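K.L.:
Shown below is the structure under consideration.
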Amino acid sequence: MSQLSSAPSTNIKVCVRVRPLNVEQPSQPDPDLRTNVTSIECWNLKNNVIAPNPDYDSYDYQNSTSEKSKKTAYGFDHLFFPVSKTVEIYNMAVKSIVAAALEGYHGSVFAYGQTATGKTFTMQGTADEPGIVPLAVHDCFSYIRQRNGMSKDREFLLRMSYMEIYNEQINDLLSPSSLQTIRIYESRGKGVVVKGMKEEVVISAEQVFALVAAGEAHRHIGSTEMNANSSRSHTIFRLVIESKAMNTNSKSKVRVSTLSLVDLAGSESVKSTHTSGERQKEGKFINKSLLTLGKVIWKLSEGSRKNLSIADLAAHIPYRDSKLTRLLQPSLGGNAQISMICNVSPEAVHVEETHNTLKFASRAKRIKQRASVTEVMDDATLLQQYREEINALRSQLTVLVEENQSIQTQLMSPGGGRGMGGGEDEEETQAIVAAIHNLERLILRNADEKRTGRSGGVGGSGRKVRVTSGGFFGSNRMSSGGGGKHPFFERVSSGGSEGGGGSFGLVKSDGGKGDKAAVNGASSSPPFLVPPTQPLGGTPNDGPSEAMNDMSVLSTRLSGVSVRSGTPESFSSSYLDSHSLVNELQRVQGLLGAVLEKKNNKRLSMGGDGGTIGTPSKFSGAPPPPPTPTLLKPSLHFSSKEEEIKHLRTSVSQLELNRKLAKADATFLSQQLSDKDDMLNEVAMLLEAVERHQEALERENAELAEALSRTQGRLGQVEVELMQVRGGGGGEEMGTEEGGGGGGGGEEFEMY
Ligand SMILES: Nc1ncnc2c1ncn2[C@@H]1O[C@H](COP(=O)(O)OP(=O)(O)OP(=O)(O)O)[C@@H](O)[C@H]1O
């Protein structure tokens with residue numbers, strides 16, 4: 001693995017979005033709020049600064065807010081007023097991260113804030129106002145179609161996963177019924193690895209939306225007094241992006257990056273949400289993990305302030321204290337471009353929560369990151385595997401075509417049995433062509449306009465397109481709100497799936513027809529608009545023709561390939577545990593093997609010359625075609641029947657031997673595979689033990705550090721007291737953790 005280029009060290013980009021007071025009837029005192037100044041309840045918003053409104057005179061506010069809070073102002077990279085649209089936030093704070101992710105830099109976007117402040121509204125959006133996730137997904141695909149920037153003349157393979165952390169348990173939203181347990185472990189060289197998460201190879205924005213919509217049906221949502229559709233879990237949508245230069249040899253380096261879009265559950269107090277029972281339990285888990293995230297952010301910001309190196313810092317950051325921070329460790333750990341969108345409510349009743357969010361945001365703003373492009377030269381990248389398989393299939397095709405031609409020539413020659421078997425040959429050849437085509441269509445290219453569709457990106461000038469509705473969110477098992485929480489994805493989902501367990505066209509193989517329908521969004525349900533400007537309407541990659549699709553199961557099974565992977569949160573190179581892919585390829589190869597065998601037999605019966613038939617690919621699950629039994633060769637002459645029978649027997653036993661060898665090979669290989677699995681399990685167990693040990697050591701360390709800092713604090717106090725006793729007084733105020741300082745531009749506010 002090599003780090004190609006490193007971006008300069010930058011601070012996390014932090015912006016704050018103030019939600020409207022009343023979303024049903026948004027009325028604002030000032031029509032031009034975006035760049036102007038306004039007061040909303042107890043807050044003054046001015047450009048990128050949010051400060052308490054000294055004139056706000058409610059009794060509750062005056063009595064419930066500390067004097068210090070009333071005088072603390074906060075400044076950010078961007079402050080979005082209640083009238084701001086999500087697309088503005090996207091353009092300002094997220095778009096560049098998406099572009100960088102496609103160029104090889106890891107990127108993460110978080111929505112953070114108190115419950116009901118609009119995190120999900122921001123991340124997912126509605127049909128009228130698409131959120132960060134749909135906007136980013138659209139941009140990804142349109143970026144690939146464009147022919148400029150660092151991605152010029154590159155080919156891409158994208159795959160997505162969708163997960164939630166609910167009550168400290170990671171759930172795979174793409175495969176909710178899977179028995180596979182998801183494990184996070186840290187491995188040397190690979191960093192934090194999530195094992196067992198399903199990943200779907202994706203080729204269009206619509207496919208991603210359909211998958212997310214399917215995942216939404218399984219997300220935990222519940223009603224609280226503050227939010228009828230409150231997320232009870234943190235959700236992480238992630239795209240893994242592999243890309244490599246086109247037209248270079250197949251072993252060229254592959255860039256691997258990830259784009260993580262995180263919708264955190266909201267912090268909540270039992271007092272305001274009035275939860276009890278299950279909701280209260282969920283709330284505790286949410287608050288606990290957010291507290292750990294707060295600690296991690298605080299320590300990271302302190303580390304950046306003191307200019308500590310990432311390695312020095314890593315040992316002292318309590319990533320392991322929650323699944324959330326563990327999963328986010330690679331993003332927060334330095335090698336990613338990050339945007340944090342902090343959502344707040346302007347209501348006076350939530351003023352203290354808003355202060356807490358703003359403090360969190362201010363700390364996050366101090367964290368420095370240095371992202372770099374990761375390039376790997378590795379067979380484990382899916383892109384590399386696909387390319388090699390395509391090459392192997394192409395070689396087989398060439399051989400097959402040559403074989404066909406020679407058979408045809410013989411058939412056409414006088415006495416050659418004209419017209420026999422032509423249709424079958426054609427069918428077989430096309431089966432391989434379709435298999436190649438199906439693999440090819442999973443690889444997206446930016447230099448092939450015809451293949452990848454038309455241009456136009458989010459916020460750009462392309463035409464709007466319609467996809468179908470047909471939602472199934474009413475069946476969300478946790479939703480108490482009837483209509484579900486996420487109207488955008490609800491609407492883009494095509495082909496409803498009641499009860500959450502049905503098929504979603506794109507992911508399930510249904511002979512290719514589900515694929516096509518879902519990608520095209522074709523259905524008779526009423527249409528609606530998806531995020532602006534994405535010109536879809538058809539498959540971005542023109543898939544194989546219907547005729548080809550129908551010809552053979554070969555051609556359909558490879559689309560929508562799922563990979564269950566030990567995916568790298570650390571974006572490492574050798575993480576693919578792509579059993580399903582390999583199985584699929586083995587199956588295809590098996591079928592091709594059978595095709596070749598059939599062809600061989602046909603040729604034998606015609607008296608062909610028994611030449612080589614293709615090189616089996618490395619995934620070949622079928623034994624190589626049997627050697628041509630020489631007894632049938634016209635050149636052989638036997639002096640007697642006995643001699644012929646003897647020869648026949650030898651040939652039969654030779655064939656039997658070949659079969660046994662092939663079987664032994666297969667057994668040997670599968671034994672090796674299972675040994676490897678056992679070994680991996682053992683290593684995983686060992687790693688877990690080491691991890692536990694490390695955790696214990698870290699806890700011990702943390703306790704010692706705390707004791708040390710208490711002692712130092714006490715020492716400081718003693719020194720101050722000593723100075724006071726001596727009459728020196730010190731004069732200076734002791735700094736708090738927040739540090740004060742700054743003096744808010746001559747006003748009576750202190751900038752946090
Ligand atoms: N900027 C906004 N404009 C219009 N409506 C908004 C805005 N922000 C939030 N809302 C509305 O407020 C309600 C609560 O928003 P949302 O569910 O997104 O909050 P949340 O922060 O995700 O809450 P939780 O943490 O409980 O899941 C929703 O009905 C949403 O549509």
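The backbone N, Cα and C atoms fix where each Cβ goes, and this holds for glycine too.
Predicted automatically and left uncurated, TrEMBL annotations should be read as such.
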K.L.:
When TrEMBL marks a stretch as coiled coil, which of 243-270, 299-326, 383-410 is it?
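P.N.:
Matching range for coiled coil: 383-410.
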K.L.:
Relative to the Cβ of Lys119 (ATP binding site), which residues of the same chain, six or more apart in sequence, are found under 8 Å away?
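P.N.:
Counting only residues 6 or more apart in sequence, the Cβ neighbours of Lys119 (ATP binding site) under 8 Å are Ala111, Tyr112, Gly113, Ser231, Asp263, Leu264, Gly266, Ile341, Asn343.
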K.L.:
List every residue in the same chain as Gly118 (ATP binding site), at least 6 positions away in sequence, whose Cβ is under 8 Å from its Cβ.
P.N.:
Arg17, Arg19, Asn343
K.L.:
Under 8 Å Cβ to Cβ from Ala116 (ATP binding site), same chain, six or more residues apart: give me those in sequence order, or none if nothing qualifies.
P.N.:
Met226, Asn227, Ser230, Gly266, Ser345
K.L.:
As a test of reading the model: what is the averaged pLDDT for the coiled coil (383-410)?
P.N.:
78
K.L.:
Over all shown protein chains, what is the count of other CB atoms within 10 A of the CB belonging to Thr117 (ATP binding site)?
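P.N.:
Here the count is 28.
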K.L.:
Quick check: with Gly113, Gln114, Thr115, Ala116, Thr117, Gly118, Lys119, Thr120 left out, which same-chain residues have Cβ atoms within 8 Å of the centroid of the ATP site Cβ atoms?
P.N.:
Arg19, Ala111, Phe121, Asn227, Gly266, Asn343, Ser345
K.L.:
Suppose we draw a 10 Å sphere around the Cβ of Thr120 (ATP binding site). How many other Cβ atoms does it contain, all chains included?
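P.N.:
A count of 27.
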